Amino acid sequence: MKLFARLALGTALGLALVTGAASAETVKIGLVVKSLGNGFFEAANKGAQEAAKELGDVEVIYTGPTSTTAEGQIEVINALIAQKVDAIAVSANDPDAVVPALKKAMQRGIKVISWDSAVGKDGRILHLNPSSNELIGNMCLKLAAAHLPDGKGDFAILSATTTSTNQNTWIAEMKKQLPKYPGLNLVTTVYGDDLADKSYREAQGLLSTHPNVKVIVAPTTVGVLAASQAVKDAGKIGEVFVTGLGLPSEMAGAVHSGATKEFAIWNPIDLGYSATQIAYRLVKKESDGKPGSEIDASRMGKIKIGADGEAAMADPFVYDKSNVDEFAKIF
Amino acid sequence: MMSRILKYRELLLGAIILALIAAFSLRAPGFATPRNLAGIFNDTSILIILALGQMAVILTKSIDLSVAANLAFTGMAVAMLNAAYPGIPLPLLIGAAMAIGAVLGAVNGFMVWIIGIPPIVATLGTLTIYRGLAFVLSGGAWVNQTQMTSAFLDTPRIPLLGLPLNGWTALLVIAVIAVVFMRTGFGRALYASGGNPTAALYAGIDVGRTRFFAFVLSGTLAGLCGYLWVARYAVAYVDIAAGFELDTVAACVIGGISTLGGIGSVAGAVLGALFLGVIKNALPVIDISPFWQMAISGLVIIIAVLFNARQERRKGRLILRDAARSPAPAAAEGAAA
């Protein structure tokens with residue numbers, strides 16, 4: 001561990017030497033991810049670099065442990081503190097374990113925010129969620145309506161387990177916002193337990209018991225994939241559509257087969273972009289990041305900080321035939 | 001006498017399945033159409049194949065909890081092979097899946113036979129190890145539909161006389177296993193080494209070796225299912241078929257394979273798997289609250305086992321079981337070695 005720390009510190013210092021000479025005025029932002037080599041975070045880094053380029057005087061140090069451990073992240077954070085970065089934006093492996101290290105950073109004037117995966121309230125100024133439950137629920141309804149003629153017709157939800165917290169929250173949000181979509185009718189909710197075989201059978205069951213259901217909305221990656229396969233195997237492509245939340249690399253096949261026209265998930269590029277923008281504004285003291293304030297995130301618009309210092313970036317990003325292949329290469 | 005009871009059991013189970021189908025079709029019209037029934041058989045194919053492998057192991061008084069993990073590992077391995085080298089012909093890939101499965105099964109067999117670890121512990125260990133290895137192999141990444149070739153994904157879906165090749169594979173495996181269990185020395189050794197290890201030993205059967213090959217058979221079939229599973233759901237990830245090993249044990253138990261070894265028939269295991277398959281396929285269409293589904297599935301298994309236990313008690317096998325447990329066979333085994 002010590003050796004690793006030294007190595008990490010060494011590389012970090014090396015990096016700082018190479019790049020630090022560029023300009024004394026450069027704002028240095030450490031983008032700490034859960035682990036290196038993960039497509040999602042590589043994409044986030046892409047967005048962060050884009051923001052750095054736009055802002056001009058920013059240097060993003062993309063770093064993280066090699067495996068998703070809190071210990072590894074603490075070492076990386078300590079290395080960033082030693083490098084005297086101006087801000088740290090972290091997607092935490094553990095909400096509590098990294099708090100002491102981040103507190104130390106804040107004591108030295110480093111602006112700390114978390115994104116994607118939150119840090120405990122004491123360890124950060126604000127947390128940037130990729131989206132909010134409300135926006136996700138709304139997006140699922142929007143996608144369902146987009147697959148129906150005139151946005152009117154029957155749809156069903158294929159969820160994960162009956163006890164899954166995020167799924168139930170999103171389904172509750174969908175039900176709450178359903179009146180905004182007149183003509184859209186939720187027939188039933190079934191549970192595939194995030195198992196490929198059970199989700200497949202549940203989707204098959206929907207097809208045979210509810211012939212009026214024209215759209216299956218699955219806000220879970222396993223479910224949306226299994227339902228697409230079930231629709232394809234039943235020969236109902238073009239008759240019944242599947243949509244929901246999924247990853248482009250997993251959903252590319254379903255989009256090309258026609259079982260799915262559109263689906264959504266937060267865009268990691270936008271997330272890395274927004275995190276960098278926010279960190280920059282905090283360093284430049286354009287905003288204090290207090291609950292109730294607003295931060296300008298350039299092309300992502302103004303991001304409002306809600307209660308508990310939590311902010312929601314935007315609507316989930318919609319993927320279709322035109323862009324799914326491009327993103328499939330990323331995550 | 002015994003064979004008559006066994007016959008009776010299978011007939012009864014068959015009748016129960018038919019009654020269930022009739023009852024379900026009252027609530028969900030169209031459930032009993034030939035097309036839907038073929039679909040259910042096709043859906044249950046993987047469970048049937050795995051249950052037959054599990055049956056071989058259970059016959060020898062052992063249990064293989066690693067079948068689903070084995071399936072996940074081999075499925076991941078062949079999916080990655082297919083993604084990396086799309087040129088490899090499918091028969092070779094299926095052969096590779098079965099070979100990898102056989103090796104994983106042999107590891108179980110080796111631990112039980114040579115090292116002497118109780119089967120439930122050994123396979124509980126490999127259950128975690130094989131899933132872990134699948135994770136190591138893939139780095140946690142998924143193998144997606146677009147990465148695999150269409151021959152790899154679609155071959156099990158080719159329909160032949162109304163049943164996809166996936167289902168025909170299960171029929172072929174059933175036929176081969178039935179012949180092996182009933183007409184070969186290995187089959188008799190399976191029944192003998194579970195039914196009465198002492199007598200098996202005196203008859204010149206190496207109980208440990210028989211167990212080893214039972215595990216190899218179970219592993220090979222799990223490997224085959226690894227391919228079928230990945231092709232069916234068109235995706236490979238570490239958690240596929242999580243918890244499926246319990247379904248295979250349940251299918252055997254419902255089918256009348258005694259967990260104490262030595263009793264059971266191929267028809268029983270197949271019917272046991274079909275019973276679960278019918279229920280699994282019916283629950284989504286007969287409009288039962290998902291909150292009840294798990295409880296109902298479990299209840300059905302317990303009723304089947306209760307029925308089983310009564311059947312076994314009637315046979316009065318206690319004396320033999322005691323004989324098998326006494327230290328005599330261990331000493332004799334030592335002498336034989």
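Every residue, even glycine, has its Cβ placed from backbone N, Cα and C.
Copied from TrEMBL, the annotated features are:
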TRANSMEM  B:37-60  transmembrane segment
TRANSMEM  B:67-85  transmembrane segment
TRANSMEM  B:91-114  transmembrane segment
TRANSMEM  B:121-143  transmembrane segment
TRANSMEM  B:163-182  transmembrane segment
TRANSMEM  B:189-205  transmembrane segment
TRANSMEM  B:211-230  transmembrane segment
TRANSMEM  B:251-279  transmembrane segment
TRANSMEM  B:291-309  transmembrane segment
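Cβ atoms under 8 Å from those of the transmembrane segment (B:251-279) belong to residues 6, 9-10, 13-14, 16-17, 20-21, 24, 40-41, 43-44, 47-48, 51-52, 54-55, 58-63, 174, 177-178, 181-182, 191-196, 296-297, 300-301, 304-305, 308, 311-312, 317, 321 of the same chain, restricted to positions at least 6 beyond its ends.
The stretches the transmembrane segment (B:163-182) and the transmembrane segment (B:67-85) are not in mutual contact, being linked by fewer than three Cβ pairs under 8 Å (pairs 6 or more apart in sequence). Counting C-beta pairs under 8 angstroms (sequence separation of 6 or more), the transmembrane segment (B:121-143) reaches the transmembrane segment (B:91-114) with 3 or more such pairs.
Outside the transmembrane segment (B:37-60) by six or more residues, the chain places 21, 67-68, 71, 119, 162-164, 166-167, 169-170, 173-174, 177, 181, 190-191, 193-194, 207, 210-211, 214-215, 217-222, 224-225, 228-229, 232, 244-245, 247-249, 251-252, 255, 257-259, 261-264, 266, 269-270, 272-274, 276-278, 280-281 with a CB less than 8 A from a CB of the stretch. For the transmembrane segment (B:211-230), same-chain residues at least 6 beyond its ends with a Cβ under 8 Å from one of its own Cβ atoms are 45-46, 49-50, 52-54, 56-57, 59-60, 62, 64, 66-68, 70-79, 93-94, 97-106, 108-110, 112-113, 119, 143, 148, 156, 166, 169, 173, 186, 190, 193, 236, 240-241.
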